[in-house]
Amino acid sequence: MITDTFWSDLEERLLPLFTDYRDRLADLPVHLKADHTLLTEADVAAQSLIVQHIRGLEPDAVIIAEEDERSTVRDEVAQSDGRVWVIDPIDGTAEFVQQGHSEFCSVVCLLEDWRPSAAFVLAPELGAGRSPLRVTADVASRTVRIGGRPAPMPTATGQWISATRSAGTPPRVFDSAAERAGYRLKLRTTSQTVDMLRTAIDLGATTDPPLPSFDLFWRRKQKLWDGAAGIAIGTALGLRSADEHGEPLPFGPEFLSAATPTFESSVMGHPEAVAWFLDVVHA
């Protein structure tokens, strides 16, 4: 089991880095990657710090990180025993580079036996008064904490669904069906991990402004590092994760050893919400 001290020490190392880069956003170069997402020096620096922190605990750790620039099969993952660390140094870089925006975070997920087993999410400015918000999860003990305290579960509101899609993607049949059912849809992508947090736990009392919970999270073509920690947190709290056909999400060696492991689709929510979604999309 990864201790809370390991995660709190990582938070203490990351926060000054975020403060430094956020204080000089005007001078921070922003690059467009091949997949049309953004990359900054801050992403690279945060990833280096997280990798260093993990290797301090586990020198031979097998790591999948968003900015490792892999373009070939990850043989070290395929040959591992299924203990793999997944890192997204800044999930929501497009938010990070905008002054005043707060929906971005650093993400770490540990897989054991090819399944998510522990997670760490640090949103440096998402808390009340722009304070940091740290969420950790241990799947085996079914424990999720916000800053060391048990995380409050959301209640189904029937109001919001996170159904973000890439810019330029046309509306889907589900969008109109959900609106007819009375839901409001969040379509603009900020941080997929933050949206998954809002599906799994109630952040309303700890965020500024208060963020409403989602009854359901749905995303097509979700990269592993954008979803693994959220799936771990949801699993620890008894939520269901599946693809849009109701099948379990893949986490085996073949999937994880790809250069960019990507779920064709990912759905997460309380079992009844996921069942409703599957009925709607396959009606």
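In case you wondered, yes, glycine gets a Cβ from its N, Cα and C as well.
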Matching residue for the Mg(2+) 1 site, where TrEMBL names Glu66, Asp88, Asp91 - out of Asp226, Asp243, Asp279: Asp226
Glu66 (Mg(2+) 1 binding site) versus Ile90 (Mg(2+) 2 binding site) - Cα distance in angstrom: 9
Additional residues around Mg(2+) 1, ordered along the sequence, whose Cβ is within 8 Å of the centroid of Glu66, Asp88, Asp91, Asp226: Ile87, Pro89, Ile90, Val107, Gln192, Thr193, Lys223, Trp225
Reduced DSSP assignment, Ile90 (Mg(2+) 2 binding site): strand
Neighbour tally for Asp226 (Mg(2+) 1 binding site), based on other Cβ positions within 10 Å of its Cβ: 26
C-beta crowding around Asp88 (Mg(2+) 1 binding site), within 10 angstroms: 31
